Amino acid sequence: MGKIIGIDLGTTNSCVAVMEGGEAVVISNAEGNRTTPSVVAFKGEERQVGEVAKRQAITNPNTIQSIKRHMGTSHTVDVDGKKFTPQEISAIILQKLKKDAEDYLGESVTEAVITVPAYFNDAERQATKDAGKIAGLDVKRIINEPTAAALAYGLDKGEDHTILIYDLGGGTFDVSILELGDGVFEVVATAGDNRLGGDDFDQKVIDYLVAEFKKENGIDLGKDKMALQRLKDAAEKAKKDLSGVTSAHISLPFITAGEAGPLHLEMTLTRAKFEELTADLVERTMEPTRRALKDAGLTPSDLDKIILVGGSTRIPAVQKAIHDFTKKEPFKGVNPDEVVALGAAIQGGVLAGDVKDVVLLDVTPLSLGIETMGGVMTKLIDRNTTIPTSKSQVFSTAADNQPAVDIHVLQGERPMAPDNKTLGRFQLTDIPPAPRGVPQIEVKFDIDANGIVHVSAKDLGTNKEQSITIQSSSGIDEAEIERMVKEAEANAEADNKRKEEAELRNETDQLVFATDKAIKDLGEQVEEADKEKAEAAKEKAKTALEGSDLEAIRTAKDELSAVVQELTQKVYAKMAEQQGAEGAEPQAEAKQDDNVVDAEFEDLDDRK
């Protein structure tokens, strides 16, 4: 059985880890970094992922960032007339992480544990699983990010702990409360906001810069796409800088042009101003934190440790807010960017049998139920119920001789059905005619360990049953996923072919250059016939490089290589002959001298 890798598929950055020798280790990517930007760019037929895609985002409109915010929705991205779902874009990122893991391990990787925000609903979880499948990964488990962080933090802790995990990433926020003891990781409560993260802090800075520039120059940079991308990069950098210093200078020369010529943006952002701009965002994280504690029936004094996860927790105001609320210093012993991937790798180790004596008890983040008479949401499974779990309840018909019942499956906390998230609908038909309230319809909810929901309805009178596994609301069916899998594989092959072509062209180009240099350097030592032969082979290679026939390039390269080799061998043989002829006389003299020296040595030897 191969390794099960752990993947933190983040909004702004992603990370991959694996268990090695009983330890979870982060795998560096091909560029040598431990995290990979969750950015995908399309340039003609080529797909770029990570740092290389992020770097050219300013000039390439076909660059997609923060796609995780759209997981589980019907949102699509248009690239040159072709539509991509969030699952397909996420799959491209996952393919890159899979390839980096394979290069590191030296073996094929087909299985993974992928993390999601604890507050992801069923559609978002299913979409994440589909993305894995499209990328060629069998997703063995979907686990919550805070739970993964607790695994990475608490695997070697023997004593009982109650910990609060505060996870503020690039696009999502979660808070979870866990109890750790004897290898059992039990999630007691979870809360969060899937539309809050580091991107929102960046946006506050961007809005401020745009407003200040407009005040000064009368030009709205918010309408200039290229300027906005430069502002985004500058805002992100300033935010990071302000975690370590009290003021950051933002300098963007030639940001736009006015009537008098080019205009530059020069501004200093202080930490105090940044905290003023983002105070409402920090406060938005505290409401779910208070709710999670309340759901767990705990007070801040009951907490043993506070663990901060996600790059945005480096913001001093965030650390101060959590410290002021809990009256505890957050634990700094884990890398907030890597801890989730490490935890996912540990869960992979548990599933593979490499990690023993660890039990993970996660919870469902939102209540589940069905719509009943009057548009009411009737809950069957309450939020923060430990999963996997199963619950059933008996319902009846609302009208006489009702032949069928519609089962409207919902997820959320609101009392009325329309205010909650629809997970799916299905129908139980062929109910025998009977007065209202007589038929007995048993509705059963099952939630598996991935947090994915299965619902069935059964007429207890006839034993007729109908069931549904909730698909993501984006409505991608199995056939569509299979098509995407094949497309992703084809693109991976195309990427490899492009890489091979680039390498072949580079090698041929270098050989042409080396041939030119060799002919010049050797000069008169090359016979005219050999020179002409080499020139002809070189021109053939140059002509082949101008075309698109790879086989022709390969053939021309091989021919040129053989000609150059033959030419250099001839020259070196000729040079060796010349040196042999020139060195014959001095050699004879040396021999005479040698005899004298030998005689001396013999005398010395005789004396010994």
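Placement of Cβ uses the backbone N, Cα and C atoms for every residue, glycine included.
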Item to check | Range among 70-89, 490-509 that Swiss-Prot annotates as region 'Disordered' | outcome: 490-509
Checklist entry - In Swiss-Prot, which of 411-443, 576-608 is tagged region 'Disordered'? => result 576-608
Checklist outcome for this item: Counting across all protein chains, other CB atoms within 10 angstroms of the CB of Thr172 (phosphothreonine) number 28
Checklist entry - Helix, strand or coil: which one is Thr172 (phosphothreonine) in, per DSSP? => result coil
